[in-house]
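If you check TrEMBL, you get these features:
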- 26-47: transmembrane segment (TRANSMEM)
- 53-72: transmembrane segment (TRANSMEM)
- 93-117: transmembrane segment (TRANSMEM)
- 129-146: transmembrane segment (TRANSMEM)
- 229-250: transmembrane segment (TRANSMEM)
- 271-295: transmembrane segment (TRANSMEM)
- 311-333: transmembrane segment (TRANSMEM)
- 354-379: transmembrane segment (TRANSMEM)
- 505-527: transmembrane segment (TRANSMEM)
- 539-560: transmembrane segment (TRANSMEM)
Amino acid sequence: MEKAVGSPSLGCSYPQKNAEILSSQYGINLFLAGLLLTFAWAVHAVGISKSHLLSYLITLMLIQLLWMLWYLCRSCTQRRLIRDKDTHAGARWLKCGITLFAVITLVLDSFKIGYYIDFSNCLSPTEGIFPVTHAVHTILQVYFLWCHAKDIIQSFKTLERFGVIHSVFTNLLLWTNGVLTESKHQLNEHKERLITLGFGNITMVLDDHAPQCNCTTTTLCSIFSQGIYYLYPFNIEYHILASTMLYVLWKNIGRKVEHHQQHKTLFKFHGITVGMIFGLIILTSTIAIVVVYLIQIGRSKIKSELALTMFYLHAIFVLALMCTAGIVALLIYRLEDRSLDNSKNPARKLDAELLVGTAAGSWLLSWGSILAIICAQAHPKYTWYNLPYSILVIIEKYIQNLFIIESIHREQEKVNDDIKTLRIVTISRGNTLSLTPLYKEIYNDRATRADGEVPYLFKGSICGRENGGSAAKEETSHENSSVMHSGSDFSFCSRNSVTNHKRRILKNIAAFLFLCNLSLWIPPAFGCRPEYDNGLEEIVFGFEPWIIVVNLAMPFSIFYRMHSAASLFEVNCKT
């Protein structure tokens, strides 16, 4: 009987499981074809030009636009139907973040259009069509994610799986294209910096695919060409965030959701002043370091060495503080006895996997630097600072990943339903009582309360529960009764005070680490990359092999910092 009952549901799951497998394979092949085309263009393969790559990307974006329009139209006709939502997916702060990156991406597209107009004599028409299509794609995709990122699709599931996974890998290919374009632009600059440091044996010829004609307006061309590469970091973050949100939507297709009350997580500045102040100091100093670094590096050998030394010392100090803060937070967790939430949650699972997966990029670079320092025959003085820096990068990510993953898996603290309003009862002259509101922390909309008693604190004020029906009786009670209850009441207030103190420390740590991760995202995103500039790794591994390693690992390292900042923002709201 059990087999007979279980077989229909088991059989019904086969088509959907097959659709999931088929759609994922479709997406992977779509991505691999685009990746190979991108690589062929980068190495000047015979018969492959930039117009072929852009045509492929334009086609993918147009297909995604058609699917999103169809989904939006179908959702509009079914707007009266009640749909399941994944409350963990598509948080409002995440939507605001992707909107900010999308706006800057639109500025980037406008610069590309202006660049094409100035060089229209020698550029392919696809280079003008691409930014226009990309701008339309960006606007519609952001609107789609704002409205439907939380959807749990239960109809047309097979078709929707292919549509969503197509969107995921389209964004990944656009991310790859942005990473490659931005990396190729910086290689020539890094080669010049290495020459100033005395590494003159680098003979690799680099090519940035510059147009083979003159610009019609020299000033505008300079603004557009320089501005484009300063905006690419935001474009890269936009596409990787969009792909992760769409991936969660794909994983949620056909999912059965347990309906239970969700606590709203709101960000509040109250109680995190210390963490914010220290974090802002780190952020401000990092921006100053990056500005000085970009001005000094490549000017002369002495200035370049000073810039590298300054960067390493600042980074070592920041990473040491982050390690200390993470250890303190983990110790607080060890002192608490709270269970972990192991319920199925695609968004949370993806967050944890991305943290560990993208951290591997930084770990690869750090171990490369450590190995280069050990194996190198000559060691300029500034390269020794790279050793503690690389070790701290590895340790800090270990600690931070553990803190974030445990934080997002911890169950939110349950509060007794009968605790609605907290008040202070002050005992005056032993027999006169006055009720003074301290603060209210209301957890639902019900105004009724469970029966309870108002405890008193011996020799002063108390932290207890107010009962509307018993308030008058408690006002006429004698001081002796307050003395009898003082022990248990003091214990209750003491435990509550300790818990609040721990929460305040954790919130300050999360706020501090949030700003620190933003600070550490800025240097590599805007060209401050000592992995390129110190030259020791190029001598040990060779210029071309090390550049390949850095270009592969650096995008993951940059994304790790932004993703960690987003996760820590969520931790701060949840704590």
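Count begins at 1; order follows the chain as displayed.
Including glycine, each Cβ sits where the backbone N, Cα and C put it.
Contact between the transmembrane segment (271-295) and the transmembrane segment (311-333) holds: at least three of their C-beta pairs are under 8 Å, each pair 6 or more apart in sequence. Under 8 Å from some Cβ of the transmembrane segment (93-117) lie the Cβ atoms of residues 123, 127-128, 130-132, 134-135, 138-139, 141-142, 145-146, 149, 216, 220-221, 224-225, 227-228, 231-232, 234-235, 237-238, 241-242, 245, 267, 566, 569-570, 573, all in the same chain and six or more residues away from its ends.
Sequence-distant neighbours of the transmembrane segment (26-47) (same chain, 6+ residues past either end, Cβ-Cβ under 8 Å): 53, 56-57, 60, 162, 165-166, 168-170, 172-173, 176-177, 180, 184, 207. Long-range Cβ contacts of the transmembrane segment (354-379) within its own chain (Cβ-Cβ under 8 Å, at least 6 residues beyond either end) map to 244, 386-387, 389-391, 393-394, 397, 401, 404-405, 531, 536-537, 539-541, 546, 549-550, 552-557, 559-560, 563-564, 567. Highest Cβ contact count with the transmembrane segment (129-146) among the listed stretches 53-72, 311-333, 505-527, 539-560 falls to 53-72 (criterion: pairs under 8 Å). If one looks beyond the transmembrane segment (311-333) by at least 6 residues along the same chain, the residues whose Cβ comes under 8 Å of a Cβ in the stretch are 278, 282, 285-286, 289, 293, 382, 385-386, 388-389, 392-393, 395-396, 399-400, 402-403, 406, 410, 502, 505-506, 509-510, 512-513, 516, 519-520, 523, 528, 530.
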